[in-house]
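Enquirer: Below are the structure tokens for one structure; questions will follow.
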Amino acid sequence: MMYSEKVMEHFMNPHNVGEMEDADGVGEVGNPQCGDIMRIYLKIEDNVIADAKFMTFGCGAAIASSSMATELIKGKTLEQAWKVTNKAVAEALEGLPPVKMHCSVLAEEGIHKAINDYREKQGLKPLEEKPDAE
Amino acid sequence: MKNNNKNTGNTVYLDHAATTFTDPVVLETMLPYFTENFGNPSSPYNIAHISREALDKARQQVADAINADTEEIYFTSGGTESDNWAIKGVAFANRKRGNHIITSAIEHHAVLHTCQWLEKQGFEVTYLPVDKYGQVRTEDVKRAIRGDTILISVMLANNEIGTIQPIPEIGRIARKKGIYFHTDAVQGIGQIPVDVEALNVDLLSLSSHKFYGPKGVGALYIKKGSRIDNHSHGGAQEKKKRAGTENVPGIVGMGAAIEQAISQLEEHAAHMKKLRTRLLEGLLQIPATHLAGHPEKRLPNNVNVIFEYIEGESILLMLNSFSIAASTGSACTSASLEPSHVLIACGFPHEIAHGSLRLTLGKENTEDDVDYVLQIIEPIIKRLRAMSPMTPEELRK
Amino acid sequence: MKNNNKNTGNTVYLDHAATTFTDPVVLETMLPYFTENFGNPSSPYNIAHISREALDKARQQVADAINADTEEIYFTSGGTESDNWAIKGVAFANRKRGNHIITSAIEHHAVLHTCQWLEKQGFEVTYLPVDKYGQVRTEDVKRAIRGDTILISVMLANNEIGTIQPIPEIGRIARKKGIYFHTDAVQGIGQIPVDVEALNVDLLSLSSHKFYGPKGVGALYIKKGSRIDNHSHGGAQEKKKRAGTENVPGIVGMGAAIEQAISQLEEHAAHMKKLRTRLLEGLLQIPATHLAGHPEKRLPNNVNVIFEYIEGESILLMLNSFSIAASTGSACTSASLEPSHVLIACGFPHEIAHGSLRLTLGKENTEDDVDYVLQIIEPIIKRLRAMSPMTPEELRK
Ligand SMILES: Cc1ncc(COP(=O)(O)O)c(C=O)c1O
Ligand SMILES: Cc1ncc(COP(=O)(O)O)c(C=O)c1O
Ligand code: FES
Ligand code: FES
């Protein structure tokens, strides 16, 4: 297969799958080009991500990225979590094929959206996407 | 439970539309032409005479298989070359008569991309729509014909959904109007009868590796008297129409493979249909699962189903981990990030087309293979649906 | 006396420029890719991954053999396809810059006929003359260049007379002028060093069956950044430039064969030269016999002699009856009834060109083979001359 062992590990046995009834922040993103959808749920305690879950409709890379991304942000402050890039997700997965990098972008965007959903609910200003988020 | 076939090993191979293994019997016929009987067929000595006779025999085998004359068979490097040659060759050779071409929206890329390229060269191309089963309507063909139409190209059977097209009828229309008619029979041969007379075609493409012959060899049937440009320039091979030292072992293999495929056609089709029915019935037990393609007018070895709410590549990955080889029309496996143009042409929305799974059976498959797949696939679909945000509540349990 | 080789049997095969047998070691590497490792390289499962890796490896082997990058190697169905693609592909893609092409009078038909076809499409082609040894003069190249010249194609070594062309020099001229430069290296590879950097070429054609690889597979080197049309349209194979399911076993064989050929190059060339010298010295003992081609700048395995007053096909026929396989530039073996355009370009009159005999050595040949041929050929020439009305009296005895 074209995927690394790590991707296959996270694809076959994804971490943090599922819905979260009492999420503090939810972000749903989709790539219209490709028709994939990723929903990220966050449980936030004292500005720290206490729990994260995901639901994903997409390819192996999308599912593995969701799993790895949620894993990476757990226990981090919101500011730290915001800085988890798609590159970091791909690296943690021991690389993604070039045509699949956009699936990890989805994970980064999902997290950003979930964090801003939480911030808005708290009456805070949403954080700005860096223009070169890629 | 799993089949242990001597070719596919412990893989349950269900992607015969992508390619087949070379039948060991076929390979056996090829071997002497690599080593002892290696002469260049154009050379004038004994060792080369053997190669010439081998080419003659293979040409006869291919001609017999499709009810053509040997002078109408031209060997190529595969289905893509045959399609490219047929379409470009007829288009350019008949440009003075007109520059309109008709094809269908569900052709293989070897036809579609060639037509798109011809559009850039100033030809006009009509891409016929299909009905929800993936069939071209003959009335649409009639309506599309113009005074300057020089070529119609519609495939015999589709590679993704297996739908068989009304080729004899389209051929009759084309012939009445004096328009060249090409069919891509790459998927049909060896599965259903292929007779160039009955099909009313002027050109027909074949590819050896789809019927247990070697890769890298194919043929184009060109009806006698057809006006078509030469494919390549060089030596006098293939009656000067397709230059290049002949791939003798490959051509010998193609001949042996097609002869075997035709002689086993009925038996093979019966075997395929039996397995297909079992497989399809099992798959359609899974909720929110749809058949793609025509329920009856389809290749006996083709199953194409769509599982709603999930994506095809992830299905393939999981199947692969259970040593099952299959294919999908999902955008996620295509370089273009577009789902299968065939499923889209059949009217499936993008997100539905994503969940497609194509299983194409082959002669080595058994009922055990089918049962194994059915046993493996249900929990896979469940697991993926459990992860999908699109899955409705009642399917999550 | 006769060699008894396991490939050529009891034939003394001296037509390696026409084709070689596939080396049994090479065939061995190919076999698994017909049967077990038969997956379509484009498919996303394990069994197909093996095919993809095999393609990668072969591409590396070809790239290494000619000092290119793997991304610059495109597999084709043979030397003819490579030549056709290189020339038509560059011509059409650069038509806006100009429509003049330069080639030589002694190219293989795969180049010449392609150029002639391009003339019908409105291109202008200059066919450079050669000196009496069959060499293109670099001054002629310089003189032929015009403002609208877009492509120069000159072969590395000629297939009939073995003359090696001044490719690095021509390449330097072309590069200075920004003109694409293609060389047909089909005969050179495995006989002399081939290094795309040293040769200053942008495109280079190869054919596997000339260096103990299988027939029906070749490659085109395309220097990065070159402007060239795609060869065929369809799937995304060969970086979308040459569509069609890859001939995996053939490509694997080509890779193995080229690696072997390069690793044995010096040893092979030394062996060939030794045999060639012995053969040529023996042949030139026969009166009224001339060497065709360059005395030194020639392929180590090529001998081409002309026997005055007799005709090549009859020589071949007699040699064949003694199980010797050879070739001739006589009109009588060519479909066009024209003698070799190469010999004519070298300035041999028609009636002389008729008496040509090409003997091209291969790695399985031995000194015994050479001695056998020399022993057989002298009486044959005598007999034929005795029958010929053109033979002068003193040669009839
Ligand atoms: C319907 C159809 N046409 C053409 C082709 C191209 O054949 P090949 O890959 O042998 O060039 C294929 C197979 O890929 C096919 O299924
Ligand atoms: C110099 C040269 N170019 C091109 C070719 C064509 O190669 P192929 O016959 O493999 O297409 C040949 C051999 O026939 C050749 O000798
Ligand atoms: S979700 Fe479509 S490519 Fe990853
Ligand atoms: S003499 Fe018979 S073909 Fe030339």
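If you go along the chain as it appears here, the first residue is 1 and each next one adds 1.
Just so you know, glycine gets a Cβ as well, placed from its N, Cα and C.
Sharing the record's features from TrEMBL:
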type: ACT_SITE; residues: C:CYS332; note: active site, cysteine persulfide intermediate
type: BINDING; residues: C:GLY79, C:THR80, C:ASN159, C:GLN187, C:SER207, C:SER208, C:HIS209, C:THR245; note: pyridoxal 5'-phosphate binding site
type: BINDING; residues: C:CYS332; note: [2Fe-2S] cluster binding site
type: DOMAIN; residues: C:12-373; note: domain 'Aminotransferase class V'
Enquirer: The record lists C:GLY79, C:THR80, C:ASN159, C:GLN187, C:SER207, C:SER208, C:HIS209, C:THR245 as binding pyridoxal 5'-phosphate. What's the largest Cα to Cα distance among them, in Å, rounded to a whole number?
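Expert: Answer in Å: the longest Cα-Cα distance is 30.
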Enquirer: Which residues, sitting 6 or more apart from C:SER207 (pyridoxal 5'-phosphate binding site) on the same chain, put a CB under 8 Å from its CB?
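Expert: For C:SER207 (pyridoxal 5'-phosphate binding site), the qualifying residues are C:GLY78, C:GLY79, C:THR80, C:SER82, C:VAL186, C:VAL217, C:GLY218.
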Enquirer: Cα-Cα separation of C:CYS332 (active site, cysteine persulfide intermediate) and C:HIS209 (pyridoxal 5'-phosphate binding site), in Å?
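Expert: C:HIS209 (pyridoxal 5'-phosphate binding site) has its Cα 25 Å from the Cα of C:CYS332 (active site, cysteine persulfide intermediate).
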Enquirer: Taking Cβ distances under 8 Å as the criterion, give the subset of the binding-site residues C:GLY79, C:THR80, C:ASN159 near chain B, ordered by sequence.
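Expert: Out of C:GLY79, C:THR80, C:ASN159, C:GLY79, C:THR80 lie under 8 Å of chain B.
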Enquirer: Around C:GLY79 (pyridoxal 5'-phosphate binding site), how many other C-beta atoms are within 10 angstroms of its C-beta?
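Expert: So the Cβ neighbour count for C:GLY79 (pyridoxal 5'-phosphate binding site) comes to 31.
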Enquirer: Could you say which of the binding-site residues C:THR80, C:ASN159, C:GLN187, C:SER208, C:THR245 has its Cβ with the most other Cβ atoms inside 10 Å?
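Expert: Checking each of C:THR80, C:ASN159, C:GLN187, C:SER208, C:THR245, the winner is C:SER208.
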Enquirer: Would you report the average pLDDT that the model assigns to the domain 'Aminotransferase class V' (C:12-373)?
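Expert: Mean pLDDT, the domain 'Aminotransferase class V' (C:12-373): 97.
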Enquirer: Taking 10 A as the limit, how many CB atoms besides its own sit near the CB of C:HIS209 (pyridoxal 5'-phosphate binding site)?
Expert: 30
Enquirer: Let me check the 10 A CB neighbour count of the residue listed as 'active site, cysteine persulfide intermediate'. How many other CB atoms are there?
Expert: 14
Enquirer: Under a three-state reduction of DSSP output, how is C:THR245 (pyridoxal 5'-phosphate binding site) classified: helix, strand, or coil?
Expert: coil
Enquirer: Could you check which of the recorded positions C:SER208, C:THR245, C:CYS332 have their CB within less than 6 A of ligand 2?
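Expert: From C:SER208, C:THR245, C:CYS332, counting a Cβ under 6 Å from ligand 2 as near, there are none.
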Enquirer: Among the recorded positions C:GLY79, C:GLN187, C:CYS332, name every one whose Cβ is found under 6 angstroms from ligand 1, counting any of its atoms.
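Expert: Among C:GLY79, C:GLN187, C:CYS332, near ligand 1: none.
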Enquirer: Helix, strand or coil for C:GLN187 (pyridoxal 5'-phosphate binding site)? Use DSSP.
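Expert: Reduced to three states, the DSSP call for C:GLN187 (pyridoxal 5'-phosphate binding site) is coil.
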Enquirer: Consider only the recorded positions C:GLY79, C:ASN159, C:GLN187, C:THR245, C:CYS332: which of them have a Cβ under 6 Å from an atom of ligand 4? Write none if no residue does.
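Expert: C:CYS332, by Cβ distance under 6 Å.
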